[in-house]
Amino acid sequence: MDFANLAAQLNAGTILPEGIVIVTLMGVLIVDLILGRTSSRWIGYLAIAGLLAAIVALYFQWDATNPISFTGGFIGDDLSIIFRGIIALSAVVTILMSIRYVEQSGTALAEFIAILLTATLGGMFVSGASELVMIFISLETLSISSYLLTGYTKRDPRSNEAALKYLLIGASSTAVFLYGVSLLYGLSGGQTELSAIANGIITANVGQSLGAVIALVFVIAGIGFKISAAPFHQWTPDVYEGAPTPVIAFLSVGSKAAGFALAIRLLTTVFPFVAEEWKFVFTALAVLSMILGNVVALAQTSMKRMLAYSSIAQAGFVMIGLIAGTDAGYASMIFYLLVYLFMNLCGFTCIILFSLRTGTDQIAEYSGLYQKDPLLTLGLSISLLSLGGIPPLAGFFGKIYLFWAGWQAGLYWLVLLGLVTSVVSIYYYIRVVKMMVVKEPQEMSDVVKNYPEIRWNLPGFRPLQVGLVLTLIATSVAGILSNPLFTLANNSVANTAILQTTKVVSTQVSAIPAEKSEGL
């Protein structure tokens with residue numbers, strides 16, 4: 001094989017955005033090695049510039065004529081582009097909120113950013129991976145980096161405990177997922193590319209076998225861990241409470257987006273012959289997530305634990321689009337994850353600012369905050385109200401789109417359950433808003449009474465302010481001006497071949513038993 005044919009099969013230009021992230025990662029390490037601690041003033045901006053360049057590269061790859069690279073191991077279609085963009089953008093905002101936080105914790109900023117970029121790289125590769133080895137390596141890159149980030153503040157016992165729990169539960173879920181993947185490899189006759197696995201299973205007529213069912217259950221268990229879906233959510237509250245706040249901000253968006261990207265690609269490509277079965281399993285997960293997440297969040301006293309259970313509930317809402325299995329369903333998932341990126345990171349930015357100034361994340365300590373810090377109060381209020389689905393904020397339109405897609409697909413009772421649990425979530429979101437805004441001066445918490453003077457010119461606070469303002473504007477405006485995001489989500493689904501061919505494959509598979517019965 002000559003070099004030209006090899007280059008054509010590799011088509012490495014498809015992973016140009018990931019290449020830019022790799023170069024940025026190496027640049028961060030080299031600059032830190034040469035300049036040491038003096039580089040911390042601007043090394044975060046170097047990483048942000050690299051990530052923004054990767055997002056620009058993704059933009060120019062939209063509707064690529066040949067999105068397949070590495071002989072089918074990676075597909076840079078529009079679906080992967082939108083998810084890779086979400087992950088990269090979440091990393092940008094995370095770096096903005098991390099600079100002051102990491103410096104104040106006494107740890108090295110360059111190493112933190114390097115690990116974060118590695119996690120971003122893993123998530124971006126997961127979003128387009130179409131081959132078992134590529135999926136597993138990408139997933140492990142994301143997972144191991146996440147474990148390291150969770151325990152990054154080594155002097156904090158809570159961070160160490162969270163990292164250990166995350167590692168143990170994550171390793172178990174990885175083993176379960178890997179066993180399910182190995183069953184797929186065997187059932188398909190030794191295939192590793194996703195479409196070849198589906199064809200091999202259909203040809204061998206083992207789609208309804210016990211092995212295929214076990215593989216499906218194990219794969220869903222691995223995905224459920226990544227998206228924090230109940231009952232695979234046990235790690236979420238403890239990790240959210242103990243890990244550095246910028247880390248959980250990234251995990252709540254970047255890791256979740258990677259998990260849903262993997263779910264769409266893996267389930268629709270490999271399991272079209274048991275679509276009803278995996279939709280039934282995800283229906284159970286969605287019901288558990290929406291009920292457990294919203295009900296348990298009512299009793300939380302820590303803001304981070306409350307958002308942990310909120311994250312579990314949000315995963316349940318997004319699963320409605322996956323269960324619908326229609327173009328509108330997949331597009332609604334993408335749209336909701338886009339707006340979830342802004343409203344969730346806006347909330348975490350406010351929590352970081354409050355914890356940096358007060359040293360606590362207890363909900364009761366936010367009492368009367370409006371009188372001392374109006375901008376932070378506004379940002380957190382808009383974020384929480386949007387998460388609750390209050391119009392005309394972005395979260396309202398995201399939920400309407402999800403529920404409408406589910407209703408059109410006939411998921412009437414699941415949509416009604418989503419509406420009821422959304423009302424429950426509004427209670428604990430508004431409780432925090434009311435505490436910050438409505439309290440009288442004499443009801444102000446002791447922490448807020450001693451609230452330090454607001455000084456944005458301190459080192460690392462300006463990026464936090466920029467992150468807060470940008471996410472606040474996006475959360476407020478994305479709802480009113482949602483049409484461009486709707487169009488983007490719809491186009492990403494309509495232009496993705498696997499989501500269109502899946503309908504044909506599932507129709508053909510469902511017709512096989514009928515043809516056999518007619519022959520008999």
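Heads up, the Cβ atoms here are built off N, Cα and C, so glycines get one too.
What Swiss-Prot records for 15-35 (among others) is transmembrane segment, and it gives sequence analysis as the kind of evidence. Here the transmembrane segment (15-35) has long-range neighbours at 43, 46-47, 49-51, 53-55, 57-58, 61, 69, 74, 76, 84, 88, 108, 110-111, 113-114, 117-118, 120-121, 124-125, meaning same-chain residues at least 6 beyond its ends whose C-beta is under 8 angstroms from one of its own.
The transmembrane segment annotation in Swiss-Prot covers 42-62 (among others).
Sequence annotations record features per position, and here Swiss-Prot assigns transmembrane segment to 106-126 (among others). Residues 15, 17-18, 21-22, 24-25, 28-29, 31-32, 37, 39-40, 43-44, 47, 50-51, 74, 84, 87-88, 91, 94-95, 98-99, 134-135, 137-143, 145-146, 148-149, 152-155, 250, 254-255, 257-258, 261-262 of the same chain lie 6 or more positions beyond the ends of the transmembrane segment (106-126) yet place their CB under 8 Å from a CB of it.
Here the transmembrane segment (132-152) has long-range neighbours at 70, 73-74, 102, 107, 112, 115-116, 118-119, 121-123, 125-126, 159-160, 162-164, 166-167, 170, 174, 177-178, 181, 184-185, 192-194, 197, 226, 239, 242-244, 247, 250-251, 255, 258, 262, 266, meaning same-chain residues at least 6 beyond its ends whose C-beta is under 8 angstroms from one of its own. Summarising the annotation, Swiss-Prot assigns transmembrane segment to 132-152 (among others).
Positions annotated as transmembrane segment by Swiss-Prot: 210-230 (among others).
The annotation transmembrane segment is assigned in Swiss-Prot to 244-264 (among others).
Taken from Swiss-Prot, the feature transmembrane segment covers 280-300 (among others), and the record attributes it to sequence analysis.
According to Swiss-Prot, the feature transmembrane segment maps to 306-326 (among others), an assignment based on sequence analysis. Tertiary neighbourhood of the transmembrane segment (306-326): same-chain residues 227-230, 233, 236-237, 239-241, 248, 252, 256, 260, 263-264, 267-268, 275, 279, 282-283, 285-290, 292-294, 296-297, 300, 332-333, 336-337, 340, 344, 347-348, 351, 363, 387, 399, 402-403, 405-406, 408-409, 411, 414-415, 418, 421-422, 425, 428, 432, selected by CB-CB distance under 8 Å and a gap of 6+ residues from either end.
Residues or ranges marked as transmembrane segment in Swiss-Prot: 334-354 (among others). Among residues of the same chain six or more beyond the transmembrane segment (334-354), those with a C-beta under 8 A of the stretch's C-beta atoms are 82-83, 86, 89-90, 93-94, 96-97, 100-101, 245-246, 248-249, 252-253, 256-257, 260, 303-304, 307, 311, 314, 317-318, 321, 360-361, 366, 369, 373, 376, 379-380, 382-384, 386-387, 393-395, 397-399, 401-402, 464, 467-468, 471-472, 474-475, 478-479, 482, 485-486, 488-489, 492-493.
The transmembrane segment annotation in Swiss-Prot covers 378-398 (among others). Sequence-distant contacts of the transmembrane segment (378-398) (same chain, at least 6 residues past either end, Cβ-Cβ under 8 Å): 310, 314, 332, 335-336, 339-340, 342-344, 346-347, 349-351, 354, 366, 422, 425-426, 429-430, 432-433, 436-437, 468, 471-472, 474-480, 482.
Marked as transmembrane segment by Swiss-Prot on the basis of sequence analysis: 400-420 (among others).
According to Swiss-Prot, the transmembrane segment annotation covers 466-486 (among others).
If you count C-beta pairs under 8 angstroms between the transmembrane segment (400-420) and each of 42-62, 210-230, 244-264, 280-300, 466-486, the highest count goes to 280-300. With a cut-off of 8 Å on Cβ pairs spaced 6 or more residues apart, the transmembrane segment (244-264) and the transmembrane segment (280-300) reach fewer than 3 such pairs and are scored as not touching.
Tertiary neighbourhood of the transmembrane segment (210-230): same-chain residues 139, 169-170, 173-174, 176-181, 183-184, 186-187, 201, 236, 255-256, 258-260, 262-263, 266-267, 271, 274, 277-278, 281-282, 285-286, 288-289, 292-293, 311-312, 315-316, 318-319, selected by CB-CB distance under 8 Å and a gap of 6+ residues from either end.
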